[in-house]
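One structure is given here, and the rest of the page talks about it.
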Amino acid sequence: MGYLQSQKAVSLGDENTDALFKLHTSNRKSANMFGIKSELLNPSELSAVGSYSNDICPNRQSSSSTAADTSPSTNASNTNISFPEQEHKDELFMNVEPKGVGSSMDNHAITIHHSTGNGLLRSSFDHDYRQKNSPRNSIHRLSNISIGNNPIDFESSQQNNPSSLNTSSHHRTSSISNSKSFGTSLSYYNRSSKPSDWNQQNNGGHLSGVISITQDVSSVPLQSSVFSSGNHAYHASMAPKRSGSWRHTNFHSTSHPRAASIGNKSGIPPVPTIPPNIGHSTDHQHPKANISGSLTKSSSESKNLSTIQSPLKTSNSFFKELSPHSQITLSNVKNNHSHVGSQTKSHSFATPSVFDNNKPVSSDNHNNTTTSSQVHPDSRNPDPKAAPKAVSQKTNVDGHRNHEAKHGNTVQNESKSQKSSNKEGRSSRGGFFSRLSFSRSSSRMKKGSKAKHEDAPDVPAIPHAYIADSSTKSSYRNGKKTPTRTKSRMQQFINWFKPSKERSSNGNSDSASPPPVPRLSITRSQVSREPEKPEEIPSVPPLPSNFKDKGHVPQQRSVSYTPKRSSDTSESLQPSLSFASSNVLSEPFDRKVADLAMKAINSKRINKLLDDAKVMQSLLDRACIITPVRNTEVQLINTAPLTEYEQDEINNYDNIYFTGLRNVDKRRSADENTSSNFGFDDERGDYKVVLGDHIAYRYEVVDFLGKGSFGQVLRCIDYETGKLVALKIIRNKKRFHMQALVETKILQKIREWDPLDEYCMVQYTDHFYFRDHLCVATELLGKNLYELIKSNGFKGLPIVVIKSITRQLIQCLTLLNEKHVIHCDLKPENILLCHPFKSQVKVIDFGSSCFEGECVYTYIQSRFYRSPEVILGMGYGTPIDVWSLGCIIAEMYTGFPLFPGENEQEQLACIMEIFGPPDHSLIDKCSRKKVFFDSSGKPRPFVSSKGVSRRPFSKSLHQVLQCKDVSFLSFISDCLKWDPDERMTPQQAAQHDFLTGKQDVRRPNTAPARQKFARPPNIETAPIPRPLPNLPMEYNDHTLPSPKEPSNQASNLVRSSDKFPNLLTNLDYSIISDNGFLRKPVEKSRP
């Protein structure tokens, strides 16, 4: 049987599926959107279907369903509203009432309101889409649907209940759109008029143009409806913004009337389901004639019908009984979880993944079914934003349908549908999730499915060449993909080291390479899951021919066995005398370890270093290059004004960069006369420096760095180069002036000899005269070595730092020795660090330097580091710097000077205390021998101011240093030889064991002088004692001590063997130390 008869039947086959999808998503604001004109809606032809009214808005005195929301005792029914029949073009009212099956179904009435006078037909899906995307997004954009279950038809209800306009506790009305259990429902949207009072509309009135389905709760208890999952249908104040979420309801669920027998907790029905044919396509249009003809015929055939009843057996039979037009205007009756295969046969469509979570849909006779009216609009103005989304949804649905149909998961899907129906049954009995009409876990599945299917890009087709070509490493065989196993990281790592031929043999390189596979757009999640692709490691180059000489041992693959190397290898590798070629591999490693040790040392004074770093950073920010101006345009510089002397002085300078800070007082307190250099010098001849003042109208004085006998050193900003420099201002004395000229000459030579700055010497910048003072500008460095030792608490430096600094100092001395330059003032104060956290150093202060053969001064070097030939008045050369180097290394190790003499007499006594007096040959060459020795060559006794008397050979070097490193002790002793000709040169020092890392197998005797020692070794195998400084000849005349007493002079003991022939033979436990001490002479006991 048909509810609405039509002149032409339109089937719901697959050919009209896309058309139904597009017609529901078309623009609803077109004037002829649905192809229905005003003249087609003839009241005479549609009078049998329903009643008409000229009022767009219903009577405000009629009670609404929202009244029941606010008060449990007040209800209303929209079925009993009487409409005047003067205006028939404004409303279309149809009553359709399908019958239920068995005892679980009852008579239901469908009341549909349509209007074309002031508004347009619209669907709940359109409302949902427009509400999401419209900028207005107000409460006026509502989909007004009233759905309910009422066993009493409209006219009978109007006749039997004359007071139906009053409140009733048995009639309820609900307005639900975009629900889950229903298909797309039609609603009336009035464009010309809006509710003046929305709260009043919700509480006391009913909106015009709604589908009203009512239910009498008292008469139909414990029965499920075809159109709702519960026994009650309530009015929702507005449509949900998104499926499953209720917003702006303006009522509380606790105020709804409860049915105790049903167990409905909240009273709000579940949200109906959006039909599957929504949001898939927007390109198809439905003919206008089908809709108009269907409406005309259906209205004529059902003219005198007030209620149409039919038993509803199955979902397929329901569609067969409906008229063709009802198949178009009413949505397909389907279950929320019907199978895809059976759904295709029954002309129903799969729900998109956005709404239905991509669950297979199966037809079930026992499940609840829903019916909603649908009218497919004309898509004259398609929404461009909705089109891509709809197409992608259709693609996902089709792919899901094909996948399910291919694998045939019918039994599994039916079991899922039964579980889902049971969950819906539970949700229909009440609870919070009963309002949303899905199970508690469906929202999570829905979100996961939406993120999985909606945002996934389209997978491009694989080129045929990859499938057909069998030479490639493709996992496709005969057009079918075979399961492959991804190689592990270890396998990939092993393949890196395979030869290139073996890797290339895996694939046929002769065959033509297939075309590249088009790549997909990679997302962030895909990148995180992709394994790292290792780069190709080049093959190991072959060994050079010189490595394949005699004695070379081939490399072994196993690390568990290391063959013993041949001794011929050391013989073939002869050490070179060049310092640059020695120890090239160990030096970078030692430098890094030394830098770590420097960080540990300076970490104790990190606060001061941070303050210094802030000051340095502020200076670096101020340092910049300034464009100079002429001396006549000095007023253009925003600096300090010129004094009267400067106004006359500035004429001697062509380029003016800086004249001083504006808040600096540049006036000198002394009288401006010629004796004091117009007040710019003090009585010592040093320049009176004012911080913030200029030097030569180019440098800005920042602070003081140091002051010495030659003058003073300032830290300045050079505005010509934009760098920080150290400016040395020499005293205004002729002696120092001449020496400063020599220094400037040597610095210029060093810049020529070392253009790449590789020999650890300060870099010269410029020199000039300013107010009768010679100024020398060099690069700015850090603190000196003495301050480093002081910051470490005079505890000495680590041996790795000492080795690193020693190597750099020897590198400097090597260049000076090759160029025959004597530094003449090598000390810790003249060795500066380049960085506080690094061991890189540079040698400064060449003010006392000279060339060999051009020695001017005899009193040179600092006392603690002064060589013996300088003290004794002998001729000196480059070996004096090697002596100073030995003293500096010893001080870096102990933290104190090795020879701390108060004057030259005590300084020489400190040297003889460890190494003894010098040889007579050296004393004869001394011009000052009478100061330190008597006529017989004996050292004159000397007592210091502290009452300390030092005796020769009273201490050993290892006692003073408290060191057991043989190479280190040997290195210092070779630097501290009496004879300069026997002293170690810088080239020899570069090849010493201490710097090259070769350790001597001979262990020194580190026991003190008065300590027990073991039995002496055999004389034949005893090592040769290290040579000592030559002793003066006058010591032969001294009387020897008694044999029973310890002797302090081993050489005298050996020379007096004629007088005491049995002395050495009677000693059983005796050994000669490094400095010639007899440890414990003991007479041999007689039997």
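Each residue, glycine too, has its Cβ placed from N, Cα and C.
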Listed co-binder of ATP (same site as L705, G706, K707, G708, S709, F710, G711, Q712, V713, source Swiss-Prot) among K723, K728: K728
From the candidates S71, S134, S513, the one which Swiss-Prot records as phosphoserine: S513
Region 'Disordered' according to Swiss-Prot, located in which of 932-951, 992-1011: 992-1011
Cα distance (Å, whole number) from D825 (active site, proton acceptor) to L705 (ATP binding site): 18
Distance, D825 (active site, proton acceptor) to G711 (ATP binding site) (CA atoms, angstrom): 15
Beyond the site residues L705, G706, K707, G708, S709, F710, G711, Q712, V713, K728: chain residues whose C-beta lies within 8 Å of the centroid, for ATP: I729
All-chain count of other Cβ atoms within 10 Å of V713 (ATP binding site): 19
Set of same-chain residues at least 6 away whose C-beta sits under 8 angstroms from K707 (ATP binding site): D686, V713
Inter-residue Cα distance where the pair is S709 (ATP binding site) and D825 (active site, proton acceptor), in Å: 12
Cβ neighbour count (within 10 Å, all chains shown) around D825 (active site, proton acceptor): 23
Collapsed DSSP category at L705 (ATP binding site): strand
